[in-house]
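The structure appears below as structure tokens.
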Amino acid sequence: MDRKSAELKRKAVGIVGSGQFATALALRFLRAGYDVTIGSRRPEEAKIISVDGGESVFSDVRVTSVTDCVKAIDVVIVAIHAEHFKSTFPPEVASECAGRILVDVSNRNTRNGTQTSNARLLSTLVPEATIVKAYNTLSAYGVENDSAGGSRRVPVASDDARARAVVMEMTRDMGFDPYENGGLGSALAMEESVLVVFPEWKLPGAMAVLVVLFWVIFALSRFYFATPGIMRWDQLPLKIFNKVFGASTLTLLSLTYLPSTCAAFLQVVNGTKHKRFPGWLDAWLKARKQLGLIAFGLICVHACISTLILSPTYMSAWFEKSSVLIIVPANHTHDVPLNLGGVWMTWIGELSLLFGILAVALMTVLAVTSLPSVTSAMSWAEWRLVHSQLGYFMLTLAVTHVYVMGVPKWVKTGFPLVFFRVKFMSIVFPTLVIVLRLVLLLPCLSAYVDRIRLGWERKRVDTRMGVCEQSV
Ligand SMILES: NC(=O)C1=CN([C@@H]2O[C@H](COP(=O)(O)OP(=O)(O)OC[C@H]3O[C@@H](n4cnc5c(N)ncnc54)[C@H](OP(=O)(O)O)[C@@H]3O)[C@@H](O)[C@H]2O)C=CC1
Ligand SMILES: [Fe+3]
């Protein structure tokens, strides 16, 4: 076979099934210049598409029986539900698939705890074909419309490296971004990946809910039970909840930065970095980005509400007291014009606001630099500088924002009543996190941590147990 005819053969693809996904893939392959053959149970009934996307005559797609499709084409995409594998590939059809590449695109509806992937099931039914798992992470809509949501990255898995390479090239031809995803053993994880949504947000989401709930309960108890009489229910939506948002932000920011400090202390205690972190710390370290982003969302809400209620009525401590003495002459009957003028902010208000605004600005920088496109444009050293040093600086600014406005009141309140104040309690945990970080910065300790991170070990440990490469 000369090169030209080999090339022409490579540009042909078969698709078993004529449903929604099969149609979308056929259209995409047609646009990429492929000859498309659809293998259907009832070829005469199959709805056929043309390359311009409209339904039309059989001009662009060849429709045959499943047997003829697998007989004629080297690479066949199996776009049917796994429940129909058995009826579609009985032994007589399976034998015709010998030497062919079959691409399994199927997904499951539930995580039924099975240990066998659909791809493995197909490989047992069609043992003489080479099975590749791909495209199950796409959607029919996304395949048809480039503007549709969803990742353009396509994992491709197969035990046969050549088959993987063939399918990856076809994927590129369609305009997607394929990547090697190992052997067929990965198929189970690929099928499960579409059944769970935002798995990395589960733990941080749960932590955030608990934190906000804690502050809601604390704020309500403080205003309702601890100091009855000062609570006005009509100020619950903004004044009280704004305190909850502020306190929750500080707690979540602390939870974002604490695990790296814990990891550093653990490395000091272990005297090595070659020891796995316990599971809880590992999960917590992985949740940092999401925790930080949730905190960013809450600080935006806190900043909006604070701006709206910024007035001497709501924030009396931030504004100078103004009093006017009105002497009304006896028998005075007409209006007396009063020009009360503006009320100036105190230095406490101004300074506290400044620290708050700076903290929000820095948090915005941190949130932007956590976007994948921005992260990929940064070096590791730059990323570390922003998310570690700058992050702690931002936390310190946020805490100072509360200290400046709170200290005069706390001094007046005194112990133990100060423990019932939301603002006071909100900075206890962040202060502890900052102090722990400062302890790590002590020259003797930071030099020790640096040595450990360079690979030094206090005593040799069995590194074969696994190396922890988590960035801290
Ligand atoms: N739709 C999507 O967005 C995505 C789908 N997938 C996977 O692609 C596969 C096909 O999905 P989709 O196109 O949506 O499904 P459809 O129900 O639209 O199509 C399934 C096709 O399977 C064929 N088939 C074979 N045997 C049977 C049978 N016994 N009963 C009914 N149909 C049969 C039919 O074609 P014919 O009549 O020509 O034989 C039918 O058109 C599934 O495994 C799905 O998990 C993966 C990613 C995204
Ligand atoms: Fe605030």
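Backbone N, Cα and C define each Cβ position, glycine as well.
Annotated in TrEMBL:
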DOMAIN    13-107  domain 'Pyrroline-5-carboxylate reductase catalytic N-terminal'
DOMAIN    246-388  domain 'Ferric oxidoreductase'
TRANSMEM  205-225  transmembrane segment
TRANSMEM  245-269  transmembrane segment
TRANSMEM  290-310  transmembrane segment
TRANSMEM  344-369  transmembrane segment
TRANSMEM  390-407  transmembrane segment
TRANSMEM  427-449  transmembrane segment
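The stretches the transmembrane segment (390-407) and the transmembrane segment (205-225) do not meet in space: the count of Cβ pairs below 8 angstroms, excluding pairs fewer than 6 apart in sequence, stays at fewer than three. Long-range contacts of the transmembrane segment (427-449) within the same chain: residues 250-251, 253-254, 257-258, 261, 264-265, 267-268, 392, 395-396, 398-399, 402-403, 406, each at least 6 residues beyond the stretch ends and with a Cβ under 8 Å from a Cβ of the stretch. When DSSP labels each residue, the domain 'Pyrroline-5-carboxylate reductase catalytic N-terminal' (13-107) comes out as 32 helix, 25 strand, 38 coil, counted as helix, strand and coil in that order. For the domain 'Ferric oxidoreductase' (246-388), residue counts in helix, strand and coil come to 93 helix, 2 strand, 48 coil, using DSSP.
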